[in-house]
Each structure stands twice: as structure tokens, then as C-alpha cells.
Amino acid sequence: KAELAFTQLHNYKPEPVNGTAQFVSTAEGTALAYGSLVLMALLPIFFGALRSVGCCKSKNSSDMPETITSRDAARFPIIASCTLFGLYLFFKIFSEEYINLLLSVYFFVLGILALSHTMSPFMNRIFPTSLPNKQYQLLFTQGSGENKEEIVNYEFDTKDLVCLGISSVVGVWYLLKKHWIANNVFGLAFALNGVELLHLNNVSTGCILLGGLFVYDVFWVFGTNVMVTVAKSFEAPIKLVFPRDLLERGLEASNFAMLGLGDIVIPGIFIALLLRFDVSLKKNTQTYFCTSFLAYIFGLGLTMFVMHTFKHAQPALLYLVPACIGFPVIMALVKGELTEMFSYESSEEILPHTPRLTRFPTVSGSPASLANSMQPLPSSPRRRRHVPTSM
């Protein structure tokens, strides 16, 4: 994960531009932007966590999650740092225009697939029973006889085609206009897929991952200008944005506050793990999920407050990691369930053929690139649908 920092584009001072002055955002516009970012961050965490419980129980191999082990978590910040610095060098050496053109096409495809998978449960509910739901298969093989090898085996149905059609409309809108609403639609789909399909195997792994990225985030934001430079140069739906001048300029607003998807997905998969732990206790309560969810709100709110006060980009994980880990651990200590929490293995809730994370993504900040760069072990069964959720 080469995660983007939680950052903002500062207020512009009035300067003549073609005879007009640039806009200075108001307090109301800023409050609306920050409130909207908080709401958009909470939606994929909440619904992704709920869907993560369902995909553990699913018998459909296409909905099975990717498991992150402690070894994966320990290597994550190193891979992320290399990826982030590589992107920084690319933007310094090559033309930003051409790099973003290639990334736009790449995320156009990933966005369509991620949004289609996000819409799939809703389409299953609203699809008219009177319409036939035909089954299709796209199969590419290599070789012949005993040496024949499947390259692509993609099974889908009419409902999938409808989802792909709707998602394609959003994708074309994003590709042509780069509108901030289309960006957020894809970003939310990436984030929800990431929280749903990326599973930590236990709480200790979550602490290793969040702790490592805590150091990573602080270093690259406070120690260098690399994180902020990449965040502002990278034109791809790997961050949620909301205009602070929306009240004055409407949908054509351009003075954005932004939140990197990594600041949603990384805490989100830890919160989803705690929800599965709540379910495993079989007490019909969601104590640890609610505690960590409220801790995330507190940490994100604190990030915004500090950022707005000091007018400087802030590493959100600096505030989110202590909150999301500390609050649930304190709750477990109070309830006397700390041992149960750290001995819980999420992999026990998953079917035996669940794939594990075997390599890391090469694209920063987006949950969609993460699962797309993960491949199941050779013994994994045939998947019904290809689901992108990477980072």
C-alpha cells in the first residue's frame, strides 16, 4: 500500500486571474466538506465490515476474501514506501500528463469491475424475476491435450451484465470529465471492496500492520514532501474529494479537501476484524465493532481539527491508529476479554480453500489495485467472478 496522506488544498488568497479573483472558502463550506468526507469514509467501513462477515459464510468462491498474515503485514510498509517513492520519481522525471493518462485507463477498467461487484447484492434483490437470468462463460485456454491451461475462466449472468453496463456509464463519465462525483463513486467502490475482501487473520496482525503504517505515514508526511506531492499529482480515484466552495460554485467547484483511501481501508479492515470477533463471541452484541467505529470517528475528527488549525497536511494514521487500537483494547481489558481478543483467529471462520495474500500491489493508495494484484494459490478452486478490490 502506497497510501495517500490525509491532506487538503489550502485556502486560496484572492489573486487576479483573467480579471477575476480566486475564491476563498468560507467556514460553512469548509465544515460541509469535512463533514461529507467523514460520512463518505464511514459508509464503506460500515457496509464493508458487514459484508466481510457474509463473505466468510459464503459458499461462493468468488466472494472469498484474501487473508493478510503477520508476515505480510510486516512487509507492507516497506513495499508501500518503495512504491510511493517510485511514483514520486516518475512524476518528477516524466510528464505528469502522460502518467495520469495511463492511470486513468487503468483505473477506468478497475473502477468498472469494482463498482459492478459493489452493486451485485443490490441487483440480486431488485432484478425482476420475470426477466430471464441467463448464464454466460468467457473461457481462454493455452495449449492442447494434457498441456491445456486455463488463462481466463470468467462466468457471469444477466445481472452481472446489467451491473457492468451501469458501471461502464460511470466509467466513461469519469474518463471523459474527471468529475469529482465520478471519482468518489469509484473511490467508495474501491474502499468498500477493500474492507470486505481483505481480511486480517488475527488482532496481532492488525496491530503489526497499523503500527508499521503509523510510522510510514508520519515519516512520509512530516519527514518529506513526497506523500503530499504524489497526492496532489495523482489523478486517479484513490482518494475521496469534496469541494469547500460547493455552496458558492455548485457542482463546478474546484477547491477540494481530500482523504486518501488508505486512511479508510487500513483502519477499516481492522474494524471489520473486530466485528467478526464480536460475531464469534456469540453474545448478540457488537461491542468491539461499535467501540472501534466510534474510535475511527474520533480519530478522523481529530485529524481534521489539527489540519484545519495548523493549515498543514496531516498523516491521518497518526491519530487513527492509536484510537482504533487503543479504544478496543481498553474495552477488552475492562470486560476481561483481552486474551480472547488476541487469541481469535479470523481464518477459522473461513472455508479451507481461502486464498492468502501472496504478493503486494504496485499501485498506490487504491484498494482496487490490491486484490487485483493478489493471486490465489494454485490449489484454489475456480472463481466465478473476478473481483478487483486493491489498494
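Cβ coordinates are placed from backbone N, Cα and C, and glycine is handled just like the others.
As given in TrEMBL:
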| type | residues | note |
| --- | --- | --- |
| COMPBIAS | 366-377 | compositional bias 'Polar residues' |
| COMPBIAS | 381-391 | compositional bias 'Basic residues' |
| REGION | 366-391 | region 'Disordered' |
| TRANSMEM | 31-53 | transmembrane segment |
| TRANSMEM | 73-91 | transmembrane segment |
| TRANSMEM | 97-115 | transmembrane segment |
| TRANSMEM | 203-222 | transmembrane segment |
| TRANSMEM | 256-275 | transmembrane segment |
| TRANSMEM | 287-310 | transmembrane segment |
| TRANSMEM | 316-334 | transmembrane segment |
Between the transmembrane segment (256-275) and the transmembrane segment (97-115), are there three or more C-beta pairs closer than 8 Å, counting only pairs 6 or more apart along the chain? no
For the transmembrane segment (287-310) and the transmembrane segment (31-53), decide whether they are in contact, meaning at least 3 CB pairs lie under 8 A, counting pairs 6 or more apart in sequence. yes
Long-range Cβ contacts under 8 Å made by the transmembrane segment (31-53), restricted to residues 6 or more beyond its ends, are 25, 65, 121, 184, 188, 191-197, 199, 240, 242-244, 246-247, 256-259, 263-265, 267-268, 271-272, 275-276, 279, 289, 293, 296-297, 300-301, 304, 308
Under 8 Å between C-beta atoms and at least six residues away from its ends: which parts of the chain pack against the transmembrane segment (316-334)? 3, 5-6, 206-207, 210-211, 213-214, 216-218, 259-260, 263, 266-267, 270-271, 274, 287-288, 291-292, 294-296, 298-300, 302-303, 306, 340-341
